[in-house]
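Peer 1: Pulled these from TrEMBL:
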- B:Cys14, B:Cys17, B:Cys20, B:Cys159: [4Fe-4S] cluster 1 binding site (BINDING)
- B:Cys24, B:Cys140, B:Cys143, B:Cys155: [4Fe-4S] cluster 2 binding site (BINDING)
- B:Cys81, B:Cys84, B:Cys89, B:Cys123: [4Fe-4S] cluster 3 binding site (BINDING)
- B:Cys93, B:Cys113, B:Cys116, B:Cys119: [4Fe-4S] cluster 4 binding site (BINDING)
- B:5-35: domain '4Fe-4S ferredoxin-type' (DOMAIN)
- B:72-103: domain '4Fe-4S ferredoxin-type' (DOMAIN)
- B:104-133: domain '4Fe-4S ferredoxin-type' (DOMAIN)
Amino acid sequence: MPDSFFTHSPEWRWWIVFYFFIGGIAGGAFALSALLRLFGQPGDRPISRLGYFIAFPGSIISGLLLILDLKRPERFWHMLIQSETFRPAFKWWSPISVGSWGLLAFGFFSFLAFVGALAEIGWLPRGLSGLIQGSLGAVVNVLGGVSGFFLAGYTGVLLSTTNRPLWSDTVWLGLLFLVSGFSTGAALLLLLSWGRNTPTIRWLKELDTWTLVLELVVLVILLASVGTAVLRPVLFNAWGVLLLVGVVLVGILVPILLHFRPVLGRLTVPSAAVLVLVGGFILRVVMLLSSEAV
Amino acid sequence: MAEPMGFFTDTSVCIGCKACEVACKAWNQLPARNGGKVQLSGISYDNTVSLSGIQWRHVKFIEDFAPDRSTGRWLMMSDVCKHCVQAACLEVCPTGAIIRTEFDTVVIQQDVCNGCRACIAACPFGVIEINPETNTAMKCTLCYDRLQAGMVPACAQACPTHSIQFGPISELRQRAQERLEQLHAAGVTQARLYGHDESILGGLNAFYLLLDEPEKYGLPSNPQLPSRNLAPSAALSAAGAVALGLLGLVGLRKQRMDRLAAEERGQGEGSHAG
Amino acid sequence: MAENHPVAFRWVAEAKRRGAKLIHVDPRFTRTSAMADLYVPLRSGTDIAFLGGLIRYMIENEKYFKDYVVNYTNAATIIRDDFQDTEDLEGVFSGLKEAPQGTFQKYVYDNATWQYKRTAAWDAAKAREEALKAATFAEMIQKMVPPPAEKDPTLQHPRTVFQIVRRHFSRYTPEMVEQICGTPKELFLRVAEMLAENSGPDKTTTFVYAMGWTQHTYGVQNIGCAALLQLLLGNMGRPGGGILALRGHATIQGSTDVPTLYHSIQGYMAHPDARRAHDTLRDYILTETRPTGYWANLPKFMVSYLKSMYGDAAKPENDFGYDWHPKINGDYSFMASFHAMARGEIKGAFFFGQNPATSINASLIRRALANLDWMVVKDNFEIETAAFWYKSPEVQSGELKPEQIKTEVFLFPSAQVGEIEGTFTNTQRLIQFHEKAADPPGDCRSDTWFTHQLALRLKKLYADSTLPRDEGFKNLTWDYDYEPGKYPTNTRIQGEPDVMKIWREINGFKTDTGELLKGFGDLKDDGSTTCASWIYCGAYPEEGKFLPANRNPDPDDKPGTHLGWGYAWPANRRILYNRASADPNGNPWSERKKLIWWDAGQKKWVGYDVPDFPATKAPDTPAKPGATGLDAHDGKSPFIMMADGKGWLFVPVGLQDGPLPTHYEPMESPVPNLLYPKWQNNPIAKYYEHERNQLATVGDPQFPVVLTTYRLTEHHLAGGMSRWLPWLAELQPELFVEISPELAAEKGIKNLDLVRISSKRGTIVAKALVTPRLRPLTINGKTVHQIGMPWHWGFMGIAVGDVVNDLGAWVADPNVQIHEMKALLVNVEKAQ
Amino acid sequence: MAVAVSRRQFLKVGGAAAGTAAGALLGLGVDLRPKQVRAQQLRIKDAQVYPSVCPYCAVGCGTLVHVVNGQIVNIEGNPKSPINKGNLCPKGAATYQLHVNPNRLTKVLYRKPYGTQWEVVDLDWAMDRVAELVKKTRDETFVETLPNGKRVMHTTAIYSLGGATIDNEWNHIHQKLMRGLGIVRIENQARI
């Protein structure tokens with residue numbers, strides 16, 4: 001029996017599934033927005049603002065979900081501050097520790113960007129739009145983008161840094177979640193800008209398609225790296241079917257197909273986006289719960 | 001700093017009486033599962049089933065008989081936290097709740113733990129779980145309170161057959177070696193030690209004498225630290241992030257090229273509206 | 001042993017570490033088997049066949065310990081010419097006759113022919129007549145001394161015990177053992193060889209048993225058979241030898257010594273009995289005293305006992321109140337009493353820490369409880385017995401209705417061990433004191449408090465009676481209240497008796513000075529001493545010195561007898577008959593096995609234990625012809641309680657069912673008795689007839705499976721002290737039945753399936769635990785399946801389950817009336 | 001102490017020897033910080049200790065009962081006892097729950113003849129009532145002599161069962177009371 005089968009389940013269930021999903025979207029969306037801000041055109045701004053509007057609430061929800069998942073939620077601050085000495089608690093080799101700081105950082109930058117975006121559309125004093133413009137904006141975008149990428153990807157690294165079946169039997173999970181976060185972030189942006197057809201949208205569509213291809217490649221490598229000794233008990237069952245149908249078919253292949261063959265007319269893009277989101281969600285469900293079921 | 005202390009569990013003399021389980025619960029005031037009202041597991045005489053937040057000692061029963069009963073053994077083993085020298089739980093704990101004590105044992109500080117369960121997923125032996133009464137992660141403390149008072153841990157004191165031996169690690173290792181040699185001399189060639197040296201997680205401060213493969217007892221043959229995956233996993237993710245960024249940039253560049261090309265063609269229709 | 005007495009097994013593990021070999025003989029592969037060097041399966045209830053085979057092996061292969069056998073046992077003694085063995089009578093001994101009414105038996109034995117052949121003619125009846133005329137008890141006893149028995153130290157005479165034993169066991173060949181027990185011959189022979197190798201001057205073997213041997217209709221003979229074997233191997237009275245009973249209750253030994261048992265009064269004296277020649281004190285003494293050996297002192301024990309009962313009112317002129325003392329007139333044992341209760345002959349009952357509603361043929365017991373006018377239950381939890389009237393299966397099924405049960409029920413909550421001070425006597429006869437740590441909660445009271453308070457109330461109720469029949473009770477001494485000003489102040493409980501006053505009475509004192517007695521050697525038969533329990537005399541030798549509270553263990557290195565820890569009766573001796581640990585000349589048999597020995601310089605016995613022998617009696621002391629007591633023994637007779645000072649291979653008196661053990665089948669058996677086909681069962685076994693107490697026939701096709709019952713490490717008895725404890729309930733939460741994979745396959749039963757188990761008396765349901773630890777055996781060419789069930793469960797508490805004892809039968813051993821829950825016939829089928 | 005040092009040295013060597021980047025990381029991943037010492041409160045620190053004996057089987061293991069403020073807080077094996085040297089079986093180890101247990105009865109329960117439920121009654125009342133019943137039944141069923149003229153002075157209509165789990169002192173006074181009253185159906189667990 002593989003060594004990972006002598007372990008106990010941490011019972012990271014639905015709170016964590018949603019956190020990983022939403023955190024991935026938020027991180028991905030911010031990263032996309034940052035790309036558009038740093039390297040795009042002024043015309044890309046509306047979409048990037050949309051990304052900020054997604055990212056900040058996403059970070060708040062992420063934090064809440066994470067706290068709700070704690071068995072002692074009132075002690076969530078122990079992640080950041082040592083309860084005995086009140087000094088900062090940071091262990092770079094503990095993904096949860098790093099993740100907590102990462103989420104905090106992401107929350108901070110996405111908040112700045114959120115404020116900046118509100119300023120851009122006139123809901124807040126115009127001066128605050130400097131948070132996402134100019135050199136200050138560049139700093140916010142670079143750091144926020146990096147922490148967004150981090151948020152999307154560390155969740156997989158966290159799972160791999162255990163001794164659980166599947167999770168710890170591969171080192172590709174972080175990458176997979178990162179890619180998936182990016183694609184679902186893009187999908188949500190596409191969905192929310194339903195009906196528009198701008199270069200930014202086309203860029204997003206294109207990007208999402210290639211990201212999905214990359215996701216499929218990473219998923220295949222991941223499964224191959226896990227090996228059948230682990231796959232048999234973990235995924236050679238209903239979970240595996242869900243992975244194939246829900247993620248590979250519905251969440252990846254069909255959206256790619258729709259990209260090249262827009263058979264649904266005006267509904268093609270949003271449909272594909274919805275499917276990508278569904279697939280991204282199912283990916284988290286399968287990756288977390290199939291291991292939990294062992 | 002006191003000398004490293006630990007358990008040597010000699011399964012060859014374990015009679016499966018479960019005194020260790022109850023003595024542990026009595027001393028640490030741990031509740032029975034569901035108030036004691038549980039169902040028969042059907043797994044030999046094991047009804048506590050596994051280590052958990054309220055089960056810090058657990059006796060395993062393995063019935064190993066040939067169909068014609070020409071050979072037959074009933075293996076028993078009292079399982080416990082291994083108090084690894086390289087402890088996975090301690091490594092991943094984000095709050096600092098898990099500490100290494102002056103006895104080289106690993107203890108979860110109950111007033112610090114916030115129940116994130118990283119340690120549960122990290123432990124290669126399935127030792128830790130949440131105690132439903134405190135909602136914190138719990139496991140054997142090697143009776144830290146008793147150790148500080150110079151007392152023997154409750155389970156080791158209760159164990160009637162010296163299957164659970166407590167003492168300084170150096171002494172226990174020597175005793176284990178002697179016992180192993182005694183058993184080998186008596187023809188019990190299957191006997192082996194598990195976790196007595198640095199080969200497993202730098203050494204287990206609760207190590208075992210087994211009468212068969214570790215897997216037979218539900219022990220991983222080659223347990224590792226979770227951090228083995230950290231660097232490669234993080235590196236791949238970082239590379240992925242760079243790749244995705246580049247993918248985006250390529251797209252943006254292509255977009256710009258397209259626009260420039262369009263402008264060159266003199267078609268000024270603004271496509272950026274909205 | 002590892003199953004039910006894990007801490008005692010500690011020492012087995014220790015011995016194993018030092019090279020000792022462990023053999024486990026059991027129908028089931030248990031946690032003890034798991035630790036054994038050799039596990040030997042056998043069919044439940046065939047232990048005498050197995051042990052008999054070993055006896056034959058030792059004799060035929062001359063593996064017995066000759067010096068020991070010749071000097072220390074009655075092997076050389078010649079038995080009366082008219083004695084006939086089972087070999088002569090095809091399965092019974094001489095003296096079998098029809099049983100009188102009311103014994104629950106078909107036959108009984110007259111043991112007249114089992115006696116030693118005397119060197120001169122002797123008329124016991126005439127001697128008794130003479131004795132009755134004697135002035136003192138000592139003179140009476142003197143007149144009862146018989147002439148010596150005939151002996152042949154060469155053991156060649158055909159009527160020597162040795163030759164009779166040899167002939168008696170000649171049928172128990174390894175082949176016969178295999179056919180009866182189902183134990184492969186090779187395995188049996190390995191046991192025999194290992195036993196022989198590990199016995200002798202330099203080594204000893206010990207036998208350890210529990211209910212697997214006792215709970216049979218020949219339970220006493222099972223133990224006797226082991227004793228016979230151990231005497232042949234020279235393993236009695238020596239360190240590392242003996243036969244150890246693993247008893248199941250904290251003071252089951254104490255409650256037998258200080259007997260809450262109907263058949264005996266203090267210190268193993270027979271209860272005065274209207275069916276025997278016990279009419280007067282002198283009759284009683286003449287009937288019960290063995291004139292030679294230590295029992296010759298019985299008059300002192302008895303008179304001191306009567307003094308403890310009736311105090312100053314017990315005088316020589318009124319036979320020390322003997323006439324006030326009740327006499328028994330029948331079998332009042334557990335099953336007999338419930339039989340009487342089922343017939344409505346018992347009106348009131350007390351149940352103290354015992355739970356009969358889950359005991360043998362429990363359904364019948366629960367129905368019997370409904371016949372009581374009143375009952376008192378005193379326990380820690382609401383046990384099944386207390387709740388029978390609304391919660392029993394019979395009420396659930398509607399057969400009994402609470403509105404129709406007249407019984408007035410009291411349930412008194414009890415104090416637990418940490419809340420009371422007192423003593424327990426463990427299975428090694430060691431009396432240990434436990435202190436009170438805290439008050440019990442609420443209205444919980446010690447049982448001592450209860451009985452004391454009840455007695456004080458009854459004393460008051462009878463204070464004005466002038467009826468002759470109440471005279472005894474009015475004279476019964478009852479002085480346990482603390483002296484004024486001495487009552488403990490750190491308690492809110494009032495009315496506890498003074499435990500040390502109780503001990504004054506148990507230990508005894510001089511009636512004139514009140515001075516505590518130093519030991520039973522101080523006892524007198526003239527009323528100048530009072531002592532409730534002669535065997536406990538000496539535990540409290542002086543004020544402020546209470547030996548059961550001693551806590552001075554030996555240091556780690558030596559000698560390990562721990563004479564300073566607690567107090568073992570008699571006289572703090574740790575190994576009984578330990579004179580046998582030295583050879584006839586008084587030297588240790590070997591250096592390894594030395595315990596006590598004769599020190600010629602000091603002219604006394606010395607060593608690690610208190611000698612169980614007159615301290616200054618030299619090994620070369622000759623027996624005094626015609627003397628009483630120990631003077632009748634020479635210096636080479638270790639077994640001081642026996643009339644001849646020898647270990648009895650052949651038992652002329654004391655056993656109801658024969659002087660030698662004989663294999664019979666359990667009352668319910670799947671096969672006929674191969675050894676003696678004419679006698680299937682113990683001919684004098686008891687059977688308590690009742691319509692709800694039917695037995696299956698031999699090889700009954702409706703009940704083809706052998707059921708054996710047992711206990712688990714995780715629970716205690718009927719569960720009254722374990723099934724209510726969450727920590728224990730979770731360890732073994734539900735009733736199960738252990739079934740071999742072979743039987744399970746045959747019956748289509750899978751692990752954890754619900755299984756119905758039925759006997760001729762009842763049906764219960766349990767979860768299946770299919771395990772290779774059980775195995776079918778081949779008995780005389782026929783496959784016999786055995787199943788096993790632990791009997792801890794009941795319908796109250798946290799861990800609940802059907803009552804396994806519902807399956808049991810009221811059949812009993814004729815000596816001690818123990819039942820036969822270890823071998824029953826049942827049927828097994830899937831429940832759904 | 002020497003061992004502790006060599007063990008930590010091992011970790012450093014192990015980390016360095018791993019060579020690869022991942023290996024180095026792994027080495028660093030192990031917590032090398034100095035061990036922490038944290039004072040633990042021993043819950044029997046100020047307890048009074050009473051030597052006792054296990055109430056389950058007849059092995060007679062020595063136990064220690066710890067009491068704080070009049071409450072039993074712990075019961076464990078007595079290391080001094082030559083019988084068990086501190087060891088206990090699961091039952092003995094659970095003795096604490098025999099004392100401190102929510103399922104435990106603390107009041108006298110009484111069920112009237114033909115009653116359908118328990119009533120809680122006063123201890124004194126119950127004792128008085130039992131004494132009355134004993135007297136009544138004894139007086140109604142007492143036999144002085146049998147038809148054959150043998151004197152027996154007993155009643156066989158009252159039955160007392162139990163004792164093997166209860167102190168010797170109780171066994172003594174109880175059998176004395178019973179026999180003093182002429183109650184001869186006295187039994188305990190020894191026979192079953």
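Yeah, the Cβs are placed from backbone N, Cα and C, and that goes for glycine too.
Tell me what's around each of these sites.
Peer 2: Reduced to three states, the DSSP call for B:Cys20 ([4Fe-4S] cluster 1 binding site) is helix.
All protein chains included, B:Cys143 ([4Fe-4S] cluster 2 binding site) registers 26 other Cβ atoms within 10 Å of its own Cβ.
For B:Cys89 ([4Fe-4S] cluster 3 binding site), the count of additional Cβ atoms within 10 Å of its Cβ stands at 26 [all protein chains shown].
Around the Cβ of B:Cys119 ([4Fe-4S] cluster 4 binding site), 31 further Cβ atoms fall within 10 Å across all displayed protein chains.
If you average pLDDT over the domain '4Fe-4S ferredoxin-type' (B:5-35) in this model, you get 97.
Sequence-distant contacts of the domain '4Fe-4S ferredoxin-type' (B:72-103), counting only residues of its own chain at least 6 positions beyond either end whose CB sits under 8 Å from a CB of the stretch, comprise 1-7, 9, 11, 14-16, 20-21, 44, 51, 56-66, 109-110, 112-114, 116, 118-119, 121-125, 127-128, 136-137, 139-140, 142, 144, 147, 155, 159, 163-164, 195, 198, 200-208, 210-212, 216-218, 223, 225-227.
With a threshold of 8 Å between CB atoms, the same-chain residues lying at least 6 positions outside the domain '4Fe-4S ferredoxin-type' (B:104-133) that come near it are 4-6, 30-31, 50-54, 79-85, 87-98, 139-142, 144, 147, 169, 201, 205, 219-220, 223-224, 226.
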Peer 1: Looking only at DSSP and grouping its letters into three states, which state does B:Cys119 ([4Fe-4S] cluster 4 binding site) belong to?
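Peer 2: For B:Cys119 ([4Fe-4S] cluster 4 binding site) - judged by DSSP and reduced to three states - the answer is helix.
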Peer 1: For B:Cys140 ([4Fe-4S] cluster 2 binding site), which of these binding-site residues sit within 10 Å, Cα to Cα: B:Cys81, B:Cys89, B:Cys113, B:Cys119, B:Cys123, B:Cys159?
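Peer 2: Cα filter at 10 Å returns B:Cys81.
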Peer 1: In whole Å, how far is B:Cys159 ([4Fe-4S] cluster 1 binding site) from B:Cys89 ([4Fe-4S] cluster 3 binding site) when you measure between their Cα atoms?
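Peer 2: One finds 27 Å between the Cα atoms of these residues.
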Peer 1: Rounded to the nearest angstrom, how far is the Cα of B:Cys17 ([4Fe-4S] cluster 1 binding site) from the Cα of B:Cys24 ([4Fe-4S] cluster 2 binding site)?
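Peer 2: Checking the Cα atoms of B:Cys24 ([4Fe-4S] cluster 2 binding site) and B:Cys17 ([4Fe-4S] cluster 1 binding site) gives a distance of 13 Å.
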Peer 1: Measuring C-alpha to C-alpha, could you say which of the binding-site residues B:Cys20, B:Cys93, B:Cys119 are within 10 Å of B:Cys81 ([4Fe-4S] cluster 3 binding site)?
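Peer 2: Final answer: none.
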Peer 1: Measure from each Cβ of the binding-site residues B:Cys17, B:Cys93, B:Cys113, B:Cys140, B:Cys159 to the Cβ atoms of chain D, and list in sequence order the residues where some distance is under 8 Å, or 'none'.
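Peer 2: From B:Cys17, B:Cys93, B:Cys113, B:Cys140, B:Cys159, flagged as close to D: B:Cys17, B:Cys159.
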Peer 1: If you draw a 10 Å sphere on the Cβ of B:Cys113 ([4Fe-4S] cluster 4 binding site), how many other Cβ atoms land inside?
Peer 2: 28
Peer 1: Sort out the sequence-distant neighbours of B:Cys14 ([4Fe-4S] cluster 1 binding site) for me: same chain, 6+ apart, CB within less than 8 Å of its CB, listed by position.
Peer 2: B:Val59, B:Met76, B:Met77, B:Ser78, B:Thr161, B:Ser163
Peer 1: In angstrom units, rounded to an integer, how far apart are the Cα atoms of B:Cys159 ([4Fe-4S] cluster 1 binding site) and B:Cys123 ([4Fe-4S] cluster 3 binding site)?
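Peer 2: Rounded to the nearest whole number, the Cα-Cα distance is 26 Å.
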Peer 1: Could you state the CA-to-CA distance between B:Cys113 ([4Fe-4S] cluster 4 binding site) and B:Cys143 ([4Fe-4S] cluster 2 binding site) to the nearest Å?
Peer 2: 18
Peer 1: What binding-site residues in the list B:Cys20, B:Cys84, B:Cys93, B:Cys119 lie within 10 angstroms of B:Cys155 ([4Fe-4S] cluster 2 binding site), counting C-alpha atoms?
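Peer 2: Neighbours among binding-site residues, in sequence order: B:Cys20.
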Peer 1: Which is it, of B:Cys140, B:Cys159: the one of these binding-site residues whose Cβ has the most other Cβ atoms within 10 Å?
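Peer 2: Compared across B:Cys140, B:Cys159, the most Cβ atoms within 10 Å surround B:Cys159.
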Peer 1: Between B:Cys143 ([4Fe-4S] cluster 2 binding site) and B:Cys20 ([4Fe-4S] cluster 1 binding site), what is the CA-CA distance rounded to a whole number of Å?
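Peer 2: If we compare the Cα positions of B:Cys143 ([4Fe-4S] cluster 2 binding site) and B:Cys20 ([4Fe-4S] cluster 1 binding site), the gap is 12 Å.
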